[in-house]
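Q: The structure that follows is given in the form of structure tokens.
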């Protein structure tokens, strides 16, 4: 068994694989440990029947987990998560990834040998390898080339064990797991392993792609209403934006923030082997959030009377209030889906959310078209469609758990869900405050733009939507960068982590420049996707070049956030962003927009300056940081357990 082998190995627990210590960089919470201990103590004898302490064998592969944040646009650096124990599939990917990196460094023989033939590549082949090959040139590889290894007490009795011979009979095609582990440990210890920008680019793309799909799909559920209603009129377009802002600040942000405590509680419950406690923690959080929903319902019922004092246009306030009253029916679905996502993620089932959204997002588009246009409900059809989709999401999640996987962590409904709340609340409050601060920083621009009139509110709705859509690429990329850098740092491969950081910086620059070109050249075409109102189109086109410049620094800031998380310095990013926005950006926005009467341009100049400040703080910090010290700290945390 893997567990027995690790215990017998001299390296055992200290094995520095490309993910060993990664989740330890994201510190465990004493509060979570206390809650887990209390729940375990309260378990009956029957509760121990599902005890299944997972193995900590090869654990290079670490799945990006940013899907926990949904489709909203985070303004600041996200807080770290405790990672769940790796699944068997992830451990298999870990072994394959380690084999691949060993082959790149010529520590293992090539996967597909040439039977001793000396084949001279042509010019096209040499150019292709130079640009796209992930292997290090032979003259740059450190140490000795791959060679046959003498058998040890850990070697298989037969050469074909563990698939060493593969299907084609070549022993070099698939080295045994034990041999790979031994060579990996030796290569890491001797400092022989390096990586290339081609491999890191390929890795970041493979990590980012599913996350981008998930973020875009989930955000599409809310953004579809803006596309649908924008064609009705500019008042309706602004009202949807105002309603979305109100729901984000009063419901989505605090509930998502509170639910982040499950990232720690569920992961530690799953790692302890008491899998049923994952379900118990989710029941507890769902019950708590449903209780908190009561004051939100009251607030939304009287939202029109509140908004009329904040927004100059009474019609916008009336429509936004109507939207929120209908959206009351979506609150249970939002809560259950947020909790359900954590239930699946604690088990390593990260792709489940993507599969669910692949069904829900197209359905949302169809039901939106049906209600708003086909059946002629108009404006009120949009919140009805969103409420139906939000209710469908947890239903699809339950179907997934029932028929596809994840049910082993559900022990049934329990009265213990109404106990032991205080520890959970104490753990959840910091996450709620941080997420609320993040969302408020961006959403408050909508409220400020409403002071300039209906056209400006509608234009801000378009601008905010465009920037959020474009952010769905650099933000998942930053999560991928964080994952990869943390993997490499955790394995002690500091030089390789620096290569990843350089690739991330270049990718962030290229994405920012691409957005700049698109927004600048299509500034009169993009607004047409949202509205036919010529006044709104002109306003958006006037501000888009400024927003295009902002996109460059938005992408750079996102990349910096990911790199800071990867080296375990996420404590720098949060305060830097809060200071940059609330101390620098927000006062500039208010002064230029209202003091100098620059209106929307003033608001976005302030945001741009804030993002420039963030990049100016975080990248110099990354350059001056001792990454070897970060790797040593990760190793110390891993050794301490």
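Just so it is clear, glycine is given a Cβ too, placed from its N, Cα and C backbone atoms.
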Q: Which is it, of 218-240, 241-263, 379-401, that TrEMBL names as transmembrane segment?
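A: It is 379-401 that TrEMBL describes as transmembrane segment.
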Q: With Cβ-Cβ distances below 8 Å as the criterion, list the same-chain residues six or more beyond the ends of the transmembrane segment (285-302) that contact it, or say none.
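A: Answer is 246-247, 250-251, 254-255, 258-259, 261-262, 265, 324-325, 327-328, 331-332, 335-336, 338-339, 342, 417-418, 421, 424-425, 428.
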Q: Per the definition of 3+ C-beta pairs under 8 A with sequence separation of 6 or more, do the transmembrane segment (576-596) and the transmembrane segment (421-442) touch?
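A: When sequence-distant Cβ pairs are counted, the transmembrane segment (421-442) touches the transmembrane segment (576-596), since at least 3 lie under 8 Å.
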